[in-house]
Amino acid sequence: MPKESEVINSEFHVDVQDPERLNGHPVAKFINKLSGQPESYVNRTNYIFGRTLGAGSFGVVRQARKLSTNEDVAIKILLKKALQGNNVQLQMLYEELSILQKLSHPNIVSFKDWFESKDKFYIVTQLATGGELFDRILSRGKFTEVDAVEIIVQILGAVEYMHSKNVVHRDLKPENVLYVDKSENSPLVIADFGIAKQLKGEEDLIYKAAGSLGYVAPEVLTQDGHGKPCDIWSIGVITYTLLCGYSPFIAESVEGFMEECTASRYPVTFHMPYWDNISIDVKRFILKALRLNPADRPTATELLDDPWITSKRVETSNILPDVKKGFSLRKKLRDAIEIVKLNNRIKRLRNMYSLGDDGDNDIEENSLNESLLDGVTHSLDDLRLQSQKKGGELTEEQMKLKSALTKDAFVQIVKAATKNKHKVLAGEEEDDSKKTLHDDRESKSED
């Protein structure tokens with residue numbers, strides 16, 4: 001039986017003879033050999049680890065500095081103990097590594113390196129420091145359809161390239177679209193290929209559901225088979241949200257989402273007054289991408305030739321005020337709950353990690369900003385009081401704000417904000433009884 005490292009090396013063509021990878025300090029290599037560490041573990045000495053950027057069910061993502069190049073990178077650290085006996089998740093890890101190494105595009109996060117210890121796998125990728133897509137939009141003084149076109153063109157270009165390689169991302173959403181740096185003209189990159197799939201051929205289909213509710217295509221949920229068109233649907237949802245600040249779908253369950261998609265002639269509605277100053281071309285663009293039958297959706301290449309993309313008649317009026325109404329509350333709620341969930345996941349991982357043999361400390365907690373939680377609590381109190389005044393029902397405006405959240409984030413932050421604040425700050429375990437379709441890797445089912 002080959003070792004896990006041998007399986008990865010042969011499967012993903014990692015060149016273990018690369019001098020930069022293995023010609024490390026001879027003392028470090030000798031110590032690693034004595035301690036039973038894999039040969040590639042010597043590469044860890046080339047990195048200084050920084051803050052934790054995120055955490056899932058099987059590990060964390062941390063910022064790091066590569067000493068040999070002085071380059072900042074992101075390192076996904078996965079616990080082998082958490083993956084042990086889970087062949088599906090191991091296969092997903094191998095597929096993510098394989099896909100990342102095959103892709104090379106300016107709008108796709110780039111693969112840098114991988115290595116392993118006795119207890120963990122390390123995947124090193126480009127670090128995008130410019131912030132998430134919607135966060136940057138909120139910081140602007142002006143946002144027009146022209147700006148939206150520039151964003152969607154970059155996303156479409158990346159998806160067109162992926163699809164040419166028969167790769168389906170399956171989790172396109174604003175949180176996975178990042179700016180490379182903080183410069184005004186920074187390019188965007190698509191990140192998180194954790195549930196991406198390599199198709200065997202042009203017409204190959206996947207039959208197991210995975211994705212994020214609110215952005216996932218209907219055919220993924222019905223498990224009738226999905227392929228490249230599911231990414232096009234997600235682009236349609238991103239475009240809609242980009243131009244008005246709220247999600248087109250407010251359902252908090254799979255059943256509710258499917259009902260929303262099929263209740264009317266079109267799966268989405270362009271509400272007044274939010275869409276009054278938006279061009280007819282972009283509405284047509286969105287409706288094309290959101291066709292219920294995946295076979296009827298245009299390809300990424302065809303969308304790049306759409307009149308909204310190529311026309312010089314795109315609206316230039318400032319739509320930022322309306323967009324901010326939807327983005328602002330969404331950001332406050334999501335930021336607070338993600339910090340709470342991050343620390344809780346890290347605690348669970350640390351408990352598992354403490355049983356390992358590695359001497360390094362790769363998993364650390366982040367601090368929760370108390371003022372952030374205060375602001376969210378007040379926003380929720382206002383929302384709750386206004387709802388009570390209207391007989392327990394949210395207004396249309398409040399429903400739009402709520403629709404900007406995923407089911408899990410909204411449910412969990414309401415719970416957190418209504419509990420004793422100090423318990424929340426202490427990282428009390430959250431109730432995971434209700435989950436979205438895509439909660440990191442726990443609910444990702446694969447072939």
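Quick reminder: no glycine exception, Cβ is built from N, Cα and C everywhere.
These figures come from a predicted structure and were not determined experimentally.
In Swiss-Prot, the feature phosphoserine is attached to one residue out of SER117, SER183, SER328, SER354, namely SER354. Annotated ATP binding in Swiss-Prot involves LEU53, GLY54, ALA55, GLY56, SER57, PHE58, GLY59, VAL60, VAL61 plus, out of the candidates LYS76, LYS80, the residue LYS76.
Of the listed residues (TYR47, TYR179, TYR353), Swiss-Prot tags TYR353 with phosphotyrosine; the rest carry no such note in the record, though that does not show they lack it.
Between SER104, SER164, SER371, the residue that has phosphoserine written against it in Swiss-Prot is SER371. For the residues SER68, SER311, SER367, Swiss-Prot attaches the annotation phosphoserine to SER367, which does not rule out the feature elsewhere. Checking SER433, SER443 against Swiss-Prot for the annotation phosphoserine singles out SER443. Within 10 Å of the C-beta atom of SER57 (ATP binding site) sit 18 other C-beta atoms, taking all shown protein chains into account. Residue pair GLY59 (ATP binding site) / ASP171 (active site, proton acceptor) shows a Cα separation of 19 Å. The binding-site residues considered are LEU53, ALA55; of these, LEU53 has the fewest other C-beta atoms within 10 angstroms of its C-beta. The Cβ of VAL61 (ATP binding site) lies under 8 Å from the Cβ of THR52, LEU53, GLY54, ALA55, ALA74, ILE75, LYS76, ILE77, each of these being in the same chain and 6 or more residues away along the sequence.
The C-beta environment of THR316 (phosphothreonine), restricted to residues of the same chain at least 6 apart in sequence and closer than 8 Å, consists of THR144, GLU145, VAL146.
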